[in-house]
Amino acid sequence: MPATPTTITVTVPATTANLGAGFDCIGAALTLYNQFKFSLLPEQATFEIIVSGVEADRVNTGSDNLAYQSFLNLYQHLGKTPPPVKIEIELGVPLARGLGSSATAIVGGLVGANVLAGSPLSQNEVMQCAIALEGHPDNVVPALLGGCRLAATGLNQASKPEENLTNWEICDIPWHSDVVPVVAIPDFELSTAEARRVLPSEYSRADAIFNTAHLGLLLRALETGRKNWLQASLQDRIHQPYRQALIPGYDAVYSAAIATGAYGMVISGAGPTLLALVDKSLSAAVVTAMTDAWQQHGIKADVKALQIDTKGAAISS
Ligand SMILES: Nc1ncnc2c1ncn2[C@@H]1O[C@H](COP(=O)(O)OP(=O)(O)OP(=O)(O)O)[C@@H](O)[C@H]1O
Ligand SMILES: N[C@@H](CCO)C(=O)O
């Protein structure tokens, strides 16, 4: 049997959740990464956290650090005492921008702890813990597994009532290789908590039907890359109409992306990053148009064409 490692690095992709109509249930992993290196410390130590990379000074290095809390959570789940650990975090995913930075910390902490504990949990069990910590599946599932994923609660909800875990069914959504995600990341933050506060607690039957139909259409549109379907499917009535006002310049960036040939544009996760889906031949032009539109509102944005990450959380020693 191979020895349990004492140092491990977990690389976790950014994610874009919702994709319009799939509020809280669909997300895709993107080729933008955070890295978490875990090293066991001598017995008398407690913990140490070192952060570098994009906006590193914005991540706390105390015991409430989300990656460390997730690390502790896994040991608690196992009923084991957590070992003293050093966590070195290299950030490539900007914080509180709707690109799943919190999901990377949760997945990184859980996967790192599981490996250092000798891998007692399966990938599916780690995933169920990650969903319970984040509260919704749409970022943590693709962050762990890669690709575009849809999550739905399963039938057997009572399987582990003592652990208070919901049983989730996950399916992968094929993504046509000509469809490119362009992310426009502005230089201001929007916390998920704030972006959830503005949502109504009830919706009309018409809005529920609208979103059900458009999510179904979106799945087939992503698979086939069919233009008309992609254009129509990126509409939503559950969250975006309420969140747009929190994102200055939203209308201008939307108009610029569409005028340049994007299929559509959605709010990435809880925002404020805006995500356009574009045919690959047009991605460079859409990047320029979205950058310029936000600049005209005095907002600096990092706009880039990415790809769908297919690996998810990757472990290296
Ligand atoms: N690498 C990290 N290490 C530790 N904590 C992190 C890390 N990345 C994010 N966090 C925590 O997550 C918070 C951001 O979470 P929030 O849900 O508001 O945004 P997000 O995850 O980037 O966006 P979204 O959920 O819309 O995709 C940060 O303020 C920080 O507390
Ligand atoms: N589905 C979540 C993603 C952000 O964590 C939301 O839009 O609030």
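Cβ atoms are placed via backbone N, Cα and C, with glycine included.
Helix, strand and coil counts under DSSP for the domain 'GHMP kinase N-terminal' (65-147) come to 50 helix, 7 strand, 26 coil. Residues annotated as domain 'GHMP kinase N-terminal' in TrEMBL: 65-147.
Under the heading ATP binding site, TrEMBL lists PRO94, LEU95, ALA96, ARG97, GLY98, LEU99, GLY100, SER101, SER102, ALA103, THR104. Taking Cβ-Cβ distances under 8 Å and a sequence separation of 6 or more, the neighbours of SER102 (ATP binding site) in its chain are LEU66, GLU134, ASN139, THR192.
Summarising the annotation, TrEMBL assigns domain 'GHMP kinase C-terminal' to 219-294.
Cβ atoms within 8 Å of the centroid of the Cβ atoms of PRO94, LEU95, ALA96, ARG97, GLY98, LEU99, GLY100, SER101, SER102, ALA103, THR104 (the ATP site) belong to the same-chain residues ALA14, VAL93, GLY269, site residues excluded.
Close to PRO94 (ATP binding site) in the fold, though at least 6 residues off in sequence, lie VAL54, GLU55, SER101, ILE185, ASP302, each with a CB less than 8 Å from its CB.
Cβ neighbours of GLY98 (ATP binding site) (same chain, under 8 Å, six or more residues apart in sequence): THR16, ALA17, LEU190, THR192, ALA195, ILE267, SER268, GLY269, ALA270, GLY271, PRO272, THR273. Comparing Cβ neighbour counts within 10 Å across the binding-site residues ALA96, GLY100, THR104, the minimum falls on ALA96.
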